[in-house]
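Written below as structure tokens is the structure these notes are about.
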Amino acid sequence: MPTTSREHLSGRWTVLLLVAVYAVGLGSVVLRPADNPVAVWWPAAGLSVALVALTRPGRRELALVAAALVVVTGLSNLTGGRPWEVAVFFGFANTAEALVAGLVLRAGPTPGVPRLADLRDLLRLVVGTVLGAGTIALLLLAAAGPLGLGVPTAVSRTVFTSHAAAVLLIVPAVLLPGRGLRAQASPRGLSTVGVELMVQVVVTGLATAAVFASDDVLSLTFVPLVPLVWAALRLGPRVTAVELVVFATTVTVLTQQGTGPFARDALGQVAAAGIAQAYLACTVLLTLPLAVLLHERNRLFDSVQSERQLFRASFTDSLVGQLLLRQGRDGLRVAEANQTASALLDRSADDLTGLEFSEVVDVDGAGGLAARLAASGSGWRGQGGVVGRPDARVTIAVSPISAGEDEPVWSVQLLDVTAEQRAHRRLEEAEKLTSATLDTTACIILVTDLDARIVRINAATTQMTGYTESDLVGRRLWETTLAPDSGQDLESLFLWPNRSGSPVVREHDAVTLDGERRRILWSNNMVRDPEGMPAYAVLTGVDVTTERASAGLVTHLMQASVSTAIVGLDARGRISVVNSGAEHLLRRESVDLVGLPFAMLLDAEQTRTRLGSTDHDTVFAALSASLGQEEQPSRDWWWVDGEGERRVVSMTLSATGSEVSPQIGFLCVGRDVTDQRRAQDLVVAALEKERTAVERLQAIDEAKNEFVSTVSHELRTPVTSIVGYTELLQDGTLVAPDTAQVPLLDSIARNGQRLIVLCNDLLLLSGLDSGDISWQAEDVDLDAMLAEVQRATDALLVGRELDVSWERPSRPVVAVGDGSQLERVLLNLVGNAVKFTEDGGVVRVRLETTPAEALLVVSDTGIGIPVEEQDGLFERFFRSSTAQEKAIQGTGLGLSIVSSVVQAHGGSIAVRSAHLEGSTFTVRLPLKA
């Protein structure tokens, strides 16, 4: 049966037990005494209880077994010759007994199959037996009369005794764990146990035969108990249970046959059978508990022995150093040491025995081990050193083994952590080195766990992004502005870690704390533990914003539609890159140019003439011979395009290098100057003609100036005479003029004055052109000069209706210059304002100062100057179209003279005017320092 492996009954075993219940039930009914309506022994009760106890858990399974028991028990009674109503009653009654006793057995504290492993389980069996036998006894007490089974009390007593004995005998044989003789008698060997078993069986059989095969030996009924107790003491509970079943069967059969101490005529067959069943129940209660108790004691003893052997083996063979200390009046002394402790402490076990613990191990901290144990009372953990080995370090764990009052025993475990301490120091040094490396690396470094939470950053991260360690540590990568816009790349790094060992390179935008967007080149990789499993992720970011911008600019420049040809060359003079300008100039695609020797672009005839060779390497060596020593000027070369046409290219060749390598290539910049050179030739010829024309014009201009100067001098003398004589005629010095002559004389005098002014202006301009004028450098009070101009202007206002106002400062305004020339400037500007302002207009003259300059502002509401004509305002002979339309007299030389005089004095003149909206002239002159 499966009880040996403590399993519930399978379907096959359940059927076999039901068949057995039917068979023994039928036999008990058939073999019952003739004068007794009930069987005096009912082994089917024990089998039924065992069946219920071993049925699989579940109400459905239990209900099916109960129904099967009702049917099987009823059939055994019915086929045994009992009436059907009696058979049905016993079917239900026997099933009720089995359910009550079986459920008591199933209610044990240990889940699983019920078992009889100790006295508590045996006590549960006795209780279940009493309750089950009592159940069927009570049912018979109520139903014996109606069913005609005899006296209810006698029937109930007989059934209680027989059923109780059957359960106590059969159930232990089924539920007791199946332990073989080898397990119980292994120290003496299987053959010795087998001999003892055979002897015990023989003795039991002889004792049983001696007592129950003869009559009138009631006083010897205890004899069979002796070999049965022998079995309980020596052979175990399972053998005892089996022998009890055999013994009970023998006693029951012999008693029913009328032999044995209980088969007396005075008692009757039914009473004798009842006494025999009670005897068997007592036998079970005397022997089986003893067998179970001794078995439990032996098991505990074996466990203690096993644990002792295990402790001794673990102490002796332990890889951890162990000491046993005995605490006496003279301190803690070593009682025993294992081999590992001897090797750790560098002493033999014999040398260690008897030494005080402080002579072997130096405990860290103040106070010895004894004081620490006295303070804790239970144990202590700490670290210390080994006496005689300064470099050794051990971890100490002390725990009590026995707490006797005389000499307590302590177990000390010594773990050599010397290598660990050294590794820890190396780890700290490596950590410091790592921290220094991280903090001195000029790139962003983020360390995360497998949940993508940042656990560490370096100093450069804060410097480059503005985020401090407290801002980032503990946050997921995709929760920061440093991660890519999408967390897909980051999640893939953790879900599918790169096992190739090479970093995963990505390029994304990152936003700093200030909101600045930077381009970061990320290099991501996993840090793995010794088993190769991912432990941390390290993300290294390099700021390539400037590089990408430069690269983009270079790409744009190379692809831009420009006329300049840019050709990149490698160290051997092979073309490595060209821009669109080179493609356009050479009329060839870049794919056709890359890889060609640069010398192939040059005209072979020209290279032979200039360099003496057409070999590509020789030509390029000659071209690059002096590069890097001094800057090379541009030089014209003939380039041959894809169609064979020669182009004149102004070319410069320079070496490109870096701090790492002084020369990594060459750069050629060329400009197509074919048309330009042709145009230059034409320009040279034109310039030669122009030079000749300029020389002739200069000669003509000089002749003109000489003519103007001569004419002005020659005209000035007679005009002066005319004006003088006219004045004599006007004032009557020679003769009083007639009334009709006065206007004529006034006209002659006025026109003569105009001619004198014109001559003076021409002479002044001629002097300015030739540089013959000598300027006077004297202090000039502009305020006083403006007062003189105001008096001189009064004559111009005779007969005019103008509103003229003068604004002057209340202090001298001193400048350094030629007073006569500066007075001419003032007179000219004020005279023009009066002349070009119609009657009813306004003229304003204002003199003011700044810290460094004097400002003379003359404004009027006259005819003004058209804006489109103001560019030539200060040129000679300029007259506005408005003045010409209104026929206002003037030579057009005044403003040119004003501008020349003001500039000669380091000043400036500005005008603001428009057609018919008046004019405002502003003169700025530097004040005397």
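Note: Cβ is positioned from N, Cα and C throughout, glycine not excepted.
As stated in TrEMBL, the feature transmembrane segment covers range 62-80 out of the listed 62-80, 214-232. When each of the listed stretches 62-80, 86-105, 159-178, 190-211 is scored by C-beta pairs under 8 angstroms to the transmembrane segment (270-294), 159-178 comes out highest. Under the criterion of 3 or more C-beta pairs below 8 Å, with sequence separation of 6 or more, the transmembrane segment (159-178) and the transmembrane segment (190-211) do not qualify as touching, having fewer than 3 such pairs.
Within the model, the domain 'Histidine kinase' (710-929) shows a mean pLDDT value of 82, rounded to a whole number. Residues in the domain 'PAS' (430-486) partition by DSSP class (helix H, G, I; strand E, B; coil) as 25 helix, 11 strand, 21 coil. When Cβ-Cβ distances below 8 Å are used as the criterion, the transmembrane segment (62-80) is approached by residues 14, 18, 21-23, 25-26, 29-30, 44, 48, 51-52, 55, 86-88, 90-92, 94-95, 98-99 of the same chain, each at least six residues removed from its ends.
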